[in-house]
Amino acid sequence: LSLGPGSPRCPLVDVASASNFRCFQLRHFHLDLRLNFAVKEMSGWLVLDLVPVQLGVCTLVLDSHPSLLIHSIDCKVPGAGLDEPVSLTYRVDPFTDYGSSLNISLPTAAVKPGRLIQITVRYTTTDGPAIWWLDSELTCGQTRPLVFTQGHSVCNRSFFPSFDTPAVKSTYTATVRVPDGVTVLMSASRSSYSKQDRVFQFSMEFPVPSYLVALVAGELQHVDVGPRSRVWAEPCLLSCAVKKLGGSVERWLGVAEDLFGPYLWGRCDIVFLPPSFPIVAMENPCLTFIIASILESSEFLLIDVIHEIAHGWFGNAVTNATWEEMWLSEGLATYAQRRITTEAYGEAFTCLETVVRLDALHRQLRLLGDNNPVSKLQVKFEPGVNPSTLMNLFTYEKGFCFVSYLSELSGDVTRFDCFLRDYISEFKFKSVVAQDLIDYFLGYFPELKDAAIAQREGLEFERWLSGCGPPPYEPDLSAGGALIRPVQDLCDLWRSADPPDLQTLSTFDLSAWSTFQIVLFLDRMLDHSPLPHGTPLSGSYSSLFDGLNAEVQIRWLQMVVRNTFYPDLPRVRAFLHKHVRTHKKTAAESCIRQSFWLCFCIVVLILYLFLKLVLVSLWLFYI
């Protein structure tokens, strides 16, 4: 089989999927669901439009989950004597701790390659990892319950049976029936609502993988913030969200389109979700999900929204075909995000943000060791390993460094922008592997292929993809020196043998610093904690940091604990009380966002200090 231009080399096997997706073409699927908030269930049916692509296929295998209750399955084969539904037999087998396989026996006489079959699965969801039911007290407004789904990376098999692999894309439609007063949103390009029937209709006209099908329902209102963008949130959050974003979304979209070509998805809406949302943001096409607590920090909000916008090209339009190459989505989206911020806010701002992230990458490497396999871009995982565990800084930052290296090889950043624009045009709405990107790059720049650039010693493409350890290349970030140098100078002052005097400190006005500058300062001070006893850091900065956003406070409070700044310890308790919410999911089902784990680490450190004090007291008592 010869692969022509634009024909990706999709893998024959996805070890994270139990399905036999290679035996069928999924043309379209439809969901018809009724939401029951009282019992926290979704019930209804799924219709799959499938075309077999191989001879002798007698079984359809879908990814499912033990939390899905399958009631019945039937089949229609229009034009083959099976225009009326025929009941099918099926069984559910174990697969991994994150899913099961739904094996459906097909009517062999009617199933032929190229002939459409329609499979209908009637089912009810229970408490699966994709679906988060929040009682009213866990929402921001605390007046009505809310439900949302989170499919990345292999959770949506507990939302609906599917080919739950990024290698398969299709269009979909949905009908959702809800109680009065509930608004439903989905990651769809078109929607409508019948108030009389309390039914929402959705249509996604562009092919998407299963993990990008998303739903949220609750007391939600919206404000238009641009010609193709609106902000959705609970009423108590809406004005704040609109004020923070203003008209920025359209500006960012315009910059991205100038760089990478037309935005393909029509709508670019954003919905802000309660603190129980398990990650910071999710790039669901047409409708980005983002955690409301990010509104505290304008700079982190800016970065996160732009990153999700970048996914409109890298990750959503062109998708990694397997979770073992997640960097194809996250690394490229991070590069695109930084191209957008460079054009919109200048090179210095982008370099500062990049330094913060690359510092974190090297910090993680020091903890894990250079030979840890999770630092590879192509992570080969064994069957049973949950792909979500592979989401780490290497996926983002080492991937970013590789894409930056390709940009450097191209000779000019604007020339590389043109390459990325044409790459999107070539592979849009398809799933690719790393070799597709590399082959297209070398074909686009034949002089680099002739120079055997992929085998350059120490920077071999194979080493980038399969090698452990730090990135072999990092981009030049000296353009951020005006913002980064004062941070490092202040760190050096505090790390010197003698504490700095007040006159010297007065030359550093931290109240004028950006959030990223303060975060970089605290991160680098944490790298050298605990500081010598008596270092007056707390007296100098406690009142300032206490009034700043959570990204600053979480780092400052780690400084408080690691350096035993006793007068500030009550602030730790106050922060935890404010930010840590009760999650009604079991530990096995929950992926609590990073800030929660940082809070957990603070609690552990406090307990450690408490035990240390107890042991010292006992020792003093006995002597």
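Backbone N, Cα and C define each Cβ position, glycine as well.
All TrEMBL annotations are machine predictions without curation.
Here is what TrEMBL says about this protein:
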- E308: active site, proton acceptor (ACT_SITE)
- Y396: active site, proton donor (ACT_SITE)
- H307, H311, E330: Zn(2+) binding site (BINDING)
- 482-596: domain 'Peptidase M1 leukotriene A4 hydrolase/aminopeptidase C-terminal' (DOMAIN)
- 595-622: transmembrane segment (TRANSMEM)
Counting every protein chain shown, other Cβ atoms within 10 Å of the Cβ of the residue listed as 'active site, proton acceptor' number 23
Across the domain 'Peptidase M1 leukotriene A4 hydrolase/aminopeptidase C-terminal' (482-596), DSSP labelling yields 74 helix, 0 strand, 41 coil
Y396 (active site, proton donor) sits from E330 (Zn(2+) binding site) (Cα to Cα, rounded, in Å) at a distance of 5
Taking the centre of the Cβ atoms of H307, H311, E330 as the Zn(2+) site, the remaining residues of that chain with Cβ inside 8 Å are E283, E308, A310, F314, G315, S329, A333, T334, A336, Q337, Y396
Within 10 A of the CB of H311 (Zn(2+) binding site), the number of other CB atoms across every chain shown is 24
Rounded Cα distance, in Å, between H307 (Zn(2+) binding site) and Y396 (active site, proton donor) is 11
The predicted model's mean pLDDT over the domain 'Peptidase M1 leukotriene A4 hydrolase/aminopeptidase C-terminal' (482-596) is 85
Expressed in Å to no decimal places, the gap between the Cα atoms of the residue listed as 'active site, proton acceptor' and Y396 (active site, proton donor) is 13
Long-range Cβ list for Y396 (active site, proton donor), cut-off under 8 Å, min separation 6+ in sequence, same chain only, gives W327, E330, G331, T334, R357
Row E330 (Zn(2+) binding site), column other C-beta within 10 angstroms, all chains, value 26
